[in-house]
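*Asks:* This is the feature table in TrEMBL:
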TRANSMEM  7-25  transmembrane segment
TRANSMEM  45-64  transmembrane segment
TRANSMEM  99-123  transmembrane segment
TRANSMEM  129-146  transmembrane segment
TRANSMEM  158-178  transmembrane segment
TRANSMEM  184-203  transmembrane segment
TRANSMEM  215-240  transmembrane segment
TRANSMEM  265-285  transmembrane segment
TRANSMEM  297-317  transmembrane segment
TRANSMEM  323-349  transmembrane segment
Amino acid sequence: MVQSHKILVYIFMILMLISGTANTLTAKAMDIVHSEGSKFEHPYFQTATMFMGEVWCLVIYYIMQWINRKKTKESENIPILWTKDPPQKAGLYKKMGPFIFIIPAFFDLLGSTFIFIGLVLSAASVYQMIRGFIIVIVAIYSMIFLKRRLFRHETTGVIMITLGIAITGLASVLYKASTAQDPVLGIIILIVGEALSGGMYVSEELFLKNVKVDPLHAVGIEGLFGFSLYLIILPILYAIPCDDSKMCHDGKVEDFVKAFEQIGASWELMLLWWGTMISIASFNFTGISTTKHASSLARSTISAARTFLVWIFSIIVEWEEFLWLQLIGFILLVFGTLLYNEVIIFPWFGFKESVQKHKLQLEESNNKVDTITTEDIENFRDIKYDSD
């Protein structure tokens, strides 16, 4: 059972890595495509696009629910006896149910807005590497709010990732990439965005442990909440005048009308726009599934590992030049990620023993989840099923 669970986690991680990389590249590509006489630089519109992509998860969830109900009727209403979902807890969790994921959606809304602004001001690989700072944020939040203990190999991995991010940031300041408008301001805004996104990661893990919810449903609720708010926010930003060329465009904080005009006038932007929506839906579904089956910190390390693919692609398409300082930062970041996720295990300095203790803790946790209690059986007996 433990081995199959680990394989499932790795599948989610790989899919998260692929879709996350695609999302970063499509979002950055949109920023540098010219249409209607100017670049497509609409960070707030892109944030709304992200939430729109998440709403598709809700659509898929309800379609799957309809299919499952149809199959259940055809199989004479045979119930599912066992699930790895947590027991539903009382209080706020019971009152709000799946809608409690509006809270992480709020963190996501604020964090993503800052992050997309940072993406406009930064090079794609620097943006992705600085996003690795989420690991440090989530590690701190996890220890404070989830009372999680970090093992030796995990702590070392987090430290290495932090050093890698610091070196990468230094390279961005010293050697400004051609696609970076303001690397210093971009880094500051990205770090603020990561601090807010960390709240989403940890709150999602907390709620997934206390609420019975399908990951698709949770992502869909977050998307619906965020997109609904942005339907109000975008017209307000459109009405606010702004002359700062770095932060605003066409004399407005966000000209979402022109964003639609640019997309309609360019098939490249249209493809990238849909690619952004599809990739973010996949990325968030596999991400929250990784949180559910592993942890928010494990999810954040995989998010940081996207750096390699983004960095290589950015050099190939000449978005930026190869820098040795970036390479050093990248090696530290990826090596720290592999160490944290136990892909690399040091046989010295107690690292091997640390990994063994962590695996033992995971096995004990999985055994607790797999156990069907007497209360579960009694609840099952009380369920009434309609006959055809």
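Yeah, the Cβs are placed from backbone N, Cα and C, and that goes for glycine too.
What TrEMBL says about a protein is an automatic prediction, not a curated fact.
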*Asks:* Hey, which bits of the same chain come close to the transmembrane segment (184-203), Cβ under 8 Å, at least six residues off its ends?
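*Replies:* Residues packing against the transmembrane segment (184-203) from afar: 103-105, 107-108, 110-115, 117-122, 126-127, 130-131, 133-134, 137-138, 140-142, 145-146, 169, 172-173, 246, 291, 296-297, 299-300.
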*Asks:* Using Cβ distances below 8 Å and needing 3 or more such pairs, separated by at least 6 in sequence, tell me whether the transmembrane segment (265-285) contacts the transmembrane segment (297-317).
*Replies:* no
*Asks:* Before we move on, state whether the transmembrane segment (45-64) and the transmembrane segment (215-240) share at least 3 Cβ pairs under 8 Å, counting only pairs 6 or more apart in sequence.
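*Replies:* These two segments touch.
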*Asks:* Under 8 Å for C-beta pairs, could you tell me which stretch among 7-25, 297-317, 323-349 has the largest tally with the transmembrane segment (129-146)?
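*Replies:* The stretch with the most close Cβ contacts to the transmembrane segment (129-146) is 297-317.
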